[in-house]
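Note sheet for the following structure.
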Amino acid sequence: MKYILVTGGVISGIGKGIIASSIGTILKSCGLRVTAIKIDPYINIDAGTFSPYEHGEVFVLNDGGEVDLDLGNYERFLDINLYKDNNITTGKIYQHVINKERRGDYLGKTVQVVPHITDAIQEWVMNQAKVSVDGNKEDPQICVIELGGTIGDIEGMAFVEAFRQFQFKAKKENFYNIHVSLVPQPSATGEQKTKPTQNSVRALRGLGLSPDLIVCRSSTPIEMAVKEKISMFCHVNPEQVICIHDVSSIYRVPLLLEEQGVVKYFQERLGLPINDCSSNLLFKWKAMADRYERLQKICSIALVGKYTKLRDCYASVFKALEHSALAINHKLNLMYIDSIDLEPVTKAEDPVKFHEAWQKLCLADGILVPGGFGIRGTLGKLQAISWARTKKIPFLGICLGMQLAVIEFARNCLNLKDANSTEFEPNTPVPLVIDMPEHNPGDLGGTMRLGLRRTVFTTENSILKKLYGDVPYIEERHRHRYEVNPNLINQFENKDLCFVGEDVDGKRMEIVELTSHPYFIGVQFHPEFSSRPMKPSPPYLGLLLAATGNLNAHLQQMNKLPYSDGYSDASDDSFPEAKLAELDLN
């Protein structure tokens, strides 16, 4: 097993996750089996209870793990399915060690950070690195580990010390350290500054780790003189200093790394069994990046949510829309609309903001209402849904978005004016959306319904069923407590709003479609978590196709085209995917 540790310096948020994912993509393109681990030094057990404004989106894995959004990058770039134990937190490590101490596993010894915490970290990494993540059930050959935060943070000291010890345990030929650092370029002088990187590497070396590769993040390509200066002061060869400057899309990052010869250096330093790295995967990646930059047609989607002030809150939603737009050769124009801005209270307090929000909504080719919690902003979402339904604007509702779509239809089309969710009004006379908990024993706790669940299609006449390739069932990831009340489903009989997907027991309503509408779909699950750059999520793809007027053409041609996995030579997906590039789209 080979281990590649990615650390960061100067500031956080400079792209360690994307760089780690890109390195994994390059190695996978060389025919190697790659897994990934993200270390978050916070004391929380997982990301499940975070405020969206604190850490952005909570990414959900197949096994129900609620993790950092960087694991979403790993899954999307590498086309793998990770587990909750691929996300290590300080809280998990301490809980693990304390539980062992309570059981008496340490035989009365004094339990300390060194060696007990550091040993637990190393043991966790070694065990999880062996777990297959690509569906082939073969052990990974390389584990890419991202250490969150920056070198010098007090929260991460135990992890740095653990890897200082681990480099000797794994042996030099199996351990590789990549340090990502910022090279700022002040606008006043325009000169690229190396001092922050020098100090960062000095701090890293002072803690016992020496970088094998320094990745410089900068706004523009770094000059050779800057590279040589970093090389001299940081005790590495010039070819061990590479630059990842700001690019038009993140799909360029693996190509930038590959162009600068990292594969050859990995091969020599780690003794990797690489014969030819010019694989079909890297060619596809380059073609996708080139196509992204050539896009001319624009599709505008309005995202109506309550966490729009921080874009990371909807990171996977944005990626899923981007994947779908790219698949049909359109550039995505995603317009974030705070749902409160659509409400009458905003009209009274700030008329300009109110009218700007409604203008965005009116200009949108499609409308998306994503998941969320709490009553704040729900009135604005209901108004956006009503606009989409009555004006025949393509609409996709995710989780809460689906629940609100059902409530809006019941109030305005079934004359059930009191229809509501018990989340917002516990004593509502018409509890259309109710708490349907699923007990989750263990650390995830609570009553959240989490992870991969099967949805069975109940009708052949479903747009979404066709988009998934006419399969009898699908498996998607969930994260919710509330669902449509199955006891009130009979109210919708012989109406346009049809429940076309249910869970395996037929008790939970998973998919709803409005038959009299070009594309009005709600799903209880979160399909964005399964979207991949070369395998877009069908519900999102349908929204983009409908918004560009190509849905019917796509559905007609799906039956004529062969199905294939658009990413690699093997796939364990529960649905096939048409070759979108062959579709005759306008």
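Using the three backbone atoms N, Cα and C, a Cβ is placed for every residue, glycine included.
Record features (Swiss-Prot):
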{"type": "ACT_SITE", "residues": "C399", "note": "active site, for GATase activity"}
{"type": "ACT_SITE", "residues": "H526", "note": "active site, for GATase activity"}
{"type": "ACT_SITE", "residues": "E528", "note": "active site, for GATase activity"}
{"type": "DOMAIN", "residues": "300-554", "note": "domain 'Glutamine amidotransferase type-1'"}
{"type": "MOD_RES", "residues": "S568", "note": "phosphoserine"}
{"type": "MOD_RES", "residues": "S571", "note": "phosphoserine"}
{"type": "MOD_RES", "residues": "S574", "note": "phosphoserine"}
CB within-chain contacts under 8 A for C399 (active site, for GATase activity), separation at least 6: P370, G371, G372, R479, H480, V523, Q524, F525, H526
Surrounding CB atoms that lie within 10 Å of the CB of H526 (active site, for GATase activity), all protein chains: 24
DSSP-derived structure type at H526 (active site, for GATase activity), helix or strand or else coil: coil
Segment-level pLDDT (mean, integer) for the domain 'Glutamine amidotransferase type-1' (300-554): 91
Collapsed DSSP category at C399 (active site, for GATase activity): coil
